[in-house]
Amino acid sequence: MALALRWLWVNRNYFIIFITPFLILPLPLVIPTPEARCGFAIILMALYWCTECMPLAVTALLPVILFPLMGIMESGKVCVEYLKDTNMLFIGGLLVAIAVEHWNLHKRIALSVLLVVGVRPALLMMGFMIVTAFLSMWISNTATTAMMLPISQAVLEQLSATEADADEKEIRGGRDNQAFELAEVSIKQPIDNITEDKPNNKPDVEEAINVLSERRRKEREAKYLRLFKGMSLSVCYSASIGGTATLTGTTPNLILKGQMDDIFPENNDVINFASWFGFAFPNMVLMLALSWFWLQFMYLALKKSFGCGSKNEGDKDAYRVMKNEYKKLGKMSFAEVAVLVIFVILVILWFTREPGFMPGWATELFNQDGQYVTDGTVAIFMSTLFFVIPSQLNCSCLVSANDEQDEEAEGVEEEGEKQDKKDKKKKLKSSPTLLNWKVVHERMPWNIVLLLGGGFALAKGSEVSGLSKWLGESLAPLKSIPPFAISLILCFLVGTFTECSSNTATTTLFLPILASMATTIGLHPLYVMLPCTISASLAFMLPVATPPNAIAFSYGNLKVLDMAKAGFMLNIIGILSINLGINTWGKAMFNLGTFPSWANATNVTSTP
């Protein structure tokens, strides 16, 4: 029996793949409507995504098969949905991230900030969280976590080793405090009596010292285990939080952008890089600060973790570890400077393309008659420069003929001269560009491009089949509930769902439904879609919920219960922060108190 159950468990993915379609097949057979057929496809994909019985990207390709076969959409129209402007923005943003990682610019930035912050536990945690969140705004959460965790572990290990040495010196050589410490470990006779009355009591003293040493070791290990846990959680949580601050920071943000443009094509580019940053960055800072306080409360003593005055030996040694890591990077190379300049120019162009409070450069130069230039255009243009700018200024081709003759005159034997000529030929090779396609091919997560496309195809299929309209009408009774309560409930629902499913799949499934619901009850679509999108990134409770959590868990210091206890409260903190933002500065930025004309042809007006 046990063997049979084990066999079933090992092969569960095959059973889910083959049995699930037959279980939900009665839906389109009993209700032969386009809505039911589209519902069949969405339910099937949702179950495949949640169980991950097939790769997520392969599941995202199912609309290409199911929609034409079920008569929902033509194949050509389905396939067009898989490569849209949002996908180009995603690819351009990732190319920049790959260039930053390829030249180790992210590590230089991280170590520079940490050297400024210092190594006192509370400030060190704050420094790691700030750096991780900032890097996660531009490069993948996974890469950021994978880079920052080893640095944090090395610093804490150095602090622990230095404290262990200090304890050993104090116990073995600290005669001033010996009597007090021996009394602490329950030595019955005073130390003076031992040394004066019993000259042969060295074994007793040695035993007492060993007991004290062992107790100190256990206390130190317990202390640093808490620090290791707190630091690991701070890094993986801040990576997820930081990704919410920019439009390209994490995939759900781009899914919202794509769904808004697809479902509401006349939305006047309400979600762009600048508008997203204006809302999400303050929210990210608020969540980061509250998360830091919570982790301080759980794992560090607030009174002792800041510290004042001169640094002790442990602080100096830990600081030296980070300093040595920074020195290993060497001087800033031409390639790093070039990547940094391109990155800064890209961010400036994104912010000024259409800032909202004034006409942007794209509006004045290109977009008078339509959205010709988008954030995707800018991202692809700037990322193309990585393939045309050399990675170093190679001046070897400027060596004069006279210099060559002088070098040959010095030389020596024929073989040596031949070798010199070979070396010169090598020097005359052109410098490689900042990026090459081999590096991009290895690091680009192409599966996310298909995931984005699958989400857009689902949204389009729901619209064409009439499923979106039916869902919206079914949710009409929600109109009697206050809008802030609707937003809060939906955020908790999405936050719970994303703990068991990828944030990409969660956002893809929920956003079309939320858009239909909002238009039906006369609520601004962004009032529910925006907070739910950010909530999809708040997967803090389980190691399997998101790759940063899994990386932190793999170091072996954390238990599932540790992550669940810390993450549960952070989920609540995050959802409350998001809803605070959407009801304050978000409401003012996006005019959420009025139902927009682009959301519905009927131009219904409502005030939440």
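The backbone N, Cα and C atoms fix where each Cβ goes, and this holds for glycine too.
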If you check TrEMBL, which stretch out of 473-491, 511-529, 568-586 is marked transmembrane segment? 568-586
Of the ranges 227-250, 443-466, which one does TrEMBL flag as transmembrane segment? 227-250
Give me the stretch from 12-31, 88-105, 111-139, 227-250, 534-556 with the greatest number of Cβ pairs under 8 Å to the transmembrane segment (372-389). 88-105
Determine which residues of the chain contact the transmembrane segment (111-139) at the Cβ level, with the cut-off under 8 Å and only residues 6 or more beyond its ends counted. 93, 96-97, 100-101, 145, 147-148, 151-152, 155, 159, 227, 230-231, 234-235, 237-243, 245-246, 248-249, 284, 288, 291-292, 295-296, 300, 302, 305-307, 311, 315, 318-319, 322-323, 325-326, 329, 343
With Cβ distances under 8 Å as the criterion, find the stretch in 43-67, 88-105, 270-295, 568-586 that has the most pairs with the transmembrane segment (332-352). 88-105
Against which stretches of its own chain does the transmembrane segment (270-295) lie, if we need a Cβ under 8 Å and a gap of at least six residues from its ends? 125-126, 129-130, 133, 230, 233-234, 237-238, 241-242, 244-248, 253, 256-257, 260, 350-356, 360, 374-375, 526, 530, 534, 566, 569-570, 573-574, 577-578, 580-581, 585-586, 589-590, 596
Using a cut-off of under 8 Å between C-beta atoms, tell me which stretch among 12-31, 88-105, 227-250, 568-586 contacts the transmembrane segment (534-556) the most. 227-250
Short question: which residues 6 or more past the ends of the transmembrane segment (12-31) have a Cβ under 8 Å from it? 37, 39-40, 43-44, 47-48, 51, 53-54, 70
